[in-house]
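The feature active site, proton donor/acceptor is assigned by Swiss-Prot to Cys69, Cys181. According to Swiss-Prot, the feature substrate binding site maps to Asp5, Ser6, Tyr37, Gly38, Asn70, Thr71, Thr182, His183, an assignment based on sequence analysis.
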Amino acid sequence: MLIIDSGIGGLSILDNIKKKFPHINYIYMLDNEAFPYGKKKEKFLIERSIKIINAIKKIYPIKMVIIACNTASTISLPTLKKTFSIPIIGVLPVFKPAIKITKNKIIGLIATRSTINSLYIKKTIYKYSLENTIKIIATNELAVIAEKKVRKLSISNIKLKKIFQSWIILSIKPDTIILGCTHFSFLKKEIQQIFHKPINFIDPGDTIVNKIEKYFYQKKIKKNILLCSKYNKQIKQLVFFLKKYKFKKIQEINLN
C-alpha cells in the first residue's frame, strides 16, 4: 500500500488504518519538496501524482494507492483512476456523518482554498445546505501550523484564533466541524480549546478503512518505508515523531 501526501497529514490516515489492520506494511511518500499541495495548481498536482506513482512502482510492488490529501484527491483522482489499473483511493471531506451528528444544524467545514473551490465540494455543499447551515473557512496556513506542532516547534494560539475568528464571533457556533484536510487531525485539541465547548470532529480517516479493506489481501511489501522527495532539516526534525510508525527505512526518491 502506498500513501501519498506533501506532509505529515496523511499520517493521520495511516493511524486509522493501523488501528484496524495493525500488521499491514506500507510505503509513505512524504512529498515535502512540493509542500503544501493546497497551494499548487491543478495541472501540477495531477502530473506530480502520476510521476510519484510511476517512480515508486518501478521499485516496489505497490497494489493500492491512497491519495491522503483532500486537495490532491478532489483534483487528481479522476485522472489517476483512468491512468492506473491498481485501486486509487482518495480522501474527501465527509458530510453524511456530520449531518447525522449535528444537533443545531450548523456545520463547519475547514479546508484549503483549492479544496473549497473545487467543483466537487461546491456541489456537495449546495446539496447539504438545503436543510443545514454550512459555515466555511478556507485556509492554507493551518497545515503549516500542524507541521510545526508534530516537529515540537511553538505554534501561535493567536494565529489559530485569527483563522477561526469568523466562527468564534457567531452567536450560535458550529457544533460539528468537518476536517477537510488530513493535517487538521493533529490540531483537534487546539481547535477544541478555542471554542470552549464540545465539538464533534468529522475526520476523513474515520471512513477510509471501509474503502480499503477489500484490497489488503494483495499486500506484498515486507517492511514499512518512508520516502521523501527531499531529505532535509525538516525531515530530520520528524525522525522522533515517525518512530511510532516503525519505518524500517527513510530515503529520498528522485522525481526529476
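Including glycine, each Cβ sits where the backbone N, Cα and C put it.
Feature map: annotations from Swiss-Prot on the structure.
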residue: Asp5; record: substrate binding site; CB count, 10 Å: 31
residue: Ser6; record: substrate binding site; CB count, 10 Å: 28
residue: Tyr37; record: substrate binding site; CB count, 10 Å: 30
residue: Gly38; record: substrate binding site; CB count, 10 Å: 28
residue: Cys69; record: active site, proton donor/acceptor; CB count, 10 Å: 33
residue: Asn70; record: substrate binding site; CB count, 10 Å: 30
residue: Thr71; record: substrate binding site; CB count, 10 Å: 32
residue: Cys181; record: active site, proton donor/acceptor; CB count, 10 Å: 29
residue: Thr182; record: substrate binding site; CB count, 10 Å: 30
residue: His183; record: substrate binding site; CB count, 10 Å: 28
**Request:** To the nearest whole angstrom, state the Cα distance for the pair Gly38 (substrate binding site) and Cys181 (active site, proton donor/acceptor).
**Result:** 9
**Prompt:** In the same chain, outside Asp5, Ser6, Tyr37, Gly38, Asn70, Thr71, Thr182, His183, whose C-beta lies within 8 angstroms of the Cβ mean position for the substrate site?
**Reply:** Gly7, Gly9, Gly10, Pro36, Ala68, Cys69, Ala72, Thr112, Ala143, Cys181
**Request:** State the three-class DSSP label for Cys69 (active site, proton donor/acceptor), counting H, G and I as helix, E and B as strand, and everything else as coil.
**Result:** coil
